[in-house]
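Novice: I grabbed these lines from TrEMBL:
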{"type": "TRANSMEM", "residues": "6-30", "note": "transmembrane segment"}
{"type": "TRANSMEM", "residues": "42-64", "note": "transmembrane segment"}
{"type": "TRANSMEM", "residues": "76-92", "note": "transmembrane segment"}
{"type": "TRANSMEM", "residues": "174-198", "note": "transmembrane segment"}
{"type": "TRANSMEM", "residues": "210-231", "note": "transmembrane segment"}
{"type": "TRANSMEM", "residues": "311-328", "note": "transmembrane segment"}
Amino acid sequence: MGINIAAVILLAILLLVATFSIGCLPFYYININSTYSNTQNGFLKVFSQFGVGMLLGTAFMLVIPEGIKACTEEGGNVGFDLLAGFIGVYLFDRLGHSIMSNTNAFLIQNPEESNDLPTSSAFRSNLNYSIKEILTKPRVVVARVLKNNVILAFVIHGISDGVALGTTSNNQRLLIVVFIAITIHKIPAVLSLSALMLTKQGLPMTECMTNLFAFSLSTPVGYILLSLLNLRQSATMDYISSNLLLMSGGSLLYASFTAFSEDDHFIEQTSDPSTFVNDEYNAASNDTESISVDVLEQNSKTSYFLKYDESLYILVGAFIPTLISFMVKDD
């Protein structure tokens, strides 16, 4: 059973608000406490490993089986759809890396040129101003995104996530699980993006928030556009949606497989453009003159190892969609 247009819009708004709220946490936390401890760093790494397991379990136990069933019923090619989904997201990923690596995307302001970190009251004021700017000056916001290659790469990848989510619009069971998996997968990316804009690029707080909003909006936009096409009941759309569902399974495989490429338990989720961001962020942290927040610079060079082996968190994440696949019956 599928969902209606109102439910699609409601879910898109929920995803937008959740992503933007999570992305604002580094702004608020740094402004209030001016510290970033290894405890918070550890929670972020646990979320990362858990998200890998969720993606892997969702792909193998839910999306791919449903996609194969729908694809074969419509006479599609299972292998081609899986390969197309895998290669498609890979090309999106390479496009994001190319945008950032071929330009000076990591221009860092000198400490004296960086903006002072605002207080709690200033944080709320900047948030209100950013919302007003988004509503009254959308062209300015779009221009900033196009000018900032890091944000542009994140937006491109966010749209691909929305497309993958939109392929499940006609299946509530898959939709909920894929929605949760993508949300968890986005948490490390959006947090690292917020920290990068504030401490490495030295952007004003209002610009950080408008860029964050653009990234938060990318996945809902991709989801709504694909869902509007997917909800149209026709033989052609049934054929397209059945193949797209299996392609999304291939894209989830790429996301989960590449996320296994890690070094000493550090977060390096190569399925997301944030990988390149995190690598540059950690490498640049050796230059003590390029960071406006000394505490962040000090902690970014501190190795943090997970309390338990990473396989435990991955297995727990994979177990949840596996359990759902056995508990929920087909419609």
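Count begins at 1; order follows the chain as displayed.
Quick reminder: no glycine exception, Cβ is built from N, Cα and C everywhere.
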Novice: Mark yes when the transmembrane segment (76-92) and the transmembrane segment (210-231) have three or more Cβ pairs under 8 Å (sequence separation 6 or more) and no when they do not.
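Specialist: Output no: the transmembrane segment (210-231) is apart from the transmembrane segment (76-92).
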Novice: Quick one: find which recorded stretch in 6-30, 76-92, 174-198 has the most Cβ pairs under 8 Å with the transmembrane segment (311-328).
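Specialist: So the stretch in question is 174-198.
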